[in-house]
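Record features, source TrEMBL:
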{"type": "TRANSMEM", "residues": "63-84", "note": "transmembrane segment"}
{"type": "TRANSMEM", "residues": "105-123", "note": "transmembrane segment"}
{"type": "TRANSMEM", "residues": "143-161", "note": "transmembrane segment"}
{"type": "TRANSMEM", "residues": "173-192", "note": "transmembrane segment"}
{"type": "TRANSMEM", "residues": "212-229", "note": "transmembrane segment"}
{"type": "TRANSMEM", "residues": "250-268", "note": "transmembrane segment"}
{"type": "TRANSMEM", "residues": "300-320", "note": "transmembrane segment"}
{"type": "TRANSMEM", "residues": "350-368", "note": "transmembrane segment"}
{"type": "TRANSMEM", "residues": "374-399", "note": "transmembrane segment"}
{"type": "TRANSMEM", "residues": "406-426", "note": "transmembrane segment"}
{"type": "TRANSMEM", "residues": "432-453", "note": "transmembrane segment"}
Amino acid sequence: MSFFNFIGYDQDGSIQELNTNLEKNQLSTWHIILASMGWNAPAWVAASSIPLLYAAAGHAGPLVLLVTFLCSTLIIMFCMVYLVRQAPSAAGVFTFTEKFVNHDIATVIGTSYVICAMIILGMTTNVAGTYIKALFPFIKGEYSGQIVGTFFILILLTIALQGVALNAKLSAVFLAVEVTIVVGLGICGIVNPRIEGISLAECYSIEEVGGIGGLVSGVLIGIFIICGYDTTINFIEEAKKPVRSVQRSLMIIVFVIFAIYTIATIGWQRAVPLEVLTQFENGDGGPIASVAAAYLPASMQWIAIFVVITSTYAGFQVALMSGARAAYRMGEEGCLPPVFRLLNKHKTPWFSTVLIAGVGLLFIWIKPMSELDWYLNIISIGLILSFSATLIAFIFAVFKQKKRAHAIAASLLPAFAVCFMVYAAYASGAGAWKSGLVIVLIGIAFIVCGKTIGKKYI
């Protein structure tokens, strides 16, 4: 049996469509890849999270990304490829966990995924507001960022309700621009460094990051940076040849995202001093603008700030679409109230979309950009819960479907990845633990409400 047969790769595209009320046959593999990378949003992740990576790991940021990629991302991706064939659904990890593990645990995990989408909306909108103010200095005032963010959300919500195909195409346009800038600046730093003496060995030195403990604690940031690939699954019900398209997207996108941030983290630190890269945006465009200033003429330096704004658009839209589709499928399965499965004329889950956008709007008023750590803690812990549940669902699935010897062999790396991520969450400190507890309690509240009116919402 070949490896691709073992993981259930639908090489011939034998599964033509899924049973869904969403609009079928809208997205190709290419559309799904671009839309999912929109969730990852390289420019705003570079602007908001790479400073944290440099602060935690120093020059060894690329090492943290490599360890994250090898010890969690790659393993999770192949587990998802297998599970997508066994349980194709827009709810992704919720469906995997419900089918192979436990219904109540699935509700907690699915709820945490939707909450992460809400938090990402708040975070991306805060980033957009901050960088719009940097691009247009005449926008002043204590609440100007929140006011700009409110208009930002209302405009993008209107677009999101127009259907998945339009949103995927718009995200693709902005994504092409931002990847060009982020990777281009990284290549400039590698080919024509402004800071001398930073060797490739230093970028991958475990001593630079403070030993094994420092390396593992930095992985929580790495997990946040190299994410977004799982959102491919949320579009499966609207895809052409859905299983094959999503499986291909998963296998391509993890390598692309890893390459983008590896080039950026190596190159940027060769362009400007590390102490500049660890500073957040303070009205001058932040680290990405500093790197742009090292290579672009003054007349073009605004582009770096502009692509962060367009990147937040892509991240916002894809988080909104992904979260809404996960909530829609949970509503269809009776784990959320039936109102979550309501569709508009474009076959978009309008209630889920409006609710997620509304909560994101609330967050920009109660959690400003200065509380970036709060956003990252909740999103990272939510991702760890989701990814760990995926790995556990894979282990349960292979023991049900494969010979015991094959199942044991196939489960070793996923089991290691679960332990690795749990330890990374533990090493991240009390702030992350509290965030995880809040997510779990919200999921439990939905379970209790569901059981109060019956085993499932009806």
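Yeah, the Cβs are placed from backbone N, Cα and C, and that goes for glycine too.
If you look at the transmembrane segment (173-192) against the transmembrane segment (300-320), you find at least three C-beta pairs under 8 angstroms, all six or more positions apart, and that counts as contact. Counting residues 6+ beyond its ends, the transmembrane segment (63-84) has Cβ neighbours under 8 Å at 6-9, 53, 56-57, 92, 96, 100, 203-206, 208-209, 215, 218-219, 221-223, 225-226, 229-230, 233, 236, 243, 246-247, 250-251, 254, 258, 261-262, 265, 387, 390-391, 393-394, 397-398, 413-414, 416-417, 420-421 in the same chain. With a cut-off of 8 Å on Cβ pairs spaced 6 or more residues apart, the transmembrane segment (374-399) and the transmembrane segment (212-229) reach 3 or more such pairs and are scored as touching.
A contact between the transmembrane segment (406-426) and the transmembrane segment (212-229) is present, since 3 or more of their C-beta pairs, 6 or more residues apart, lie under 8 Å.
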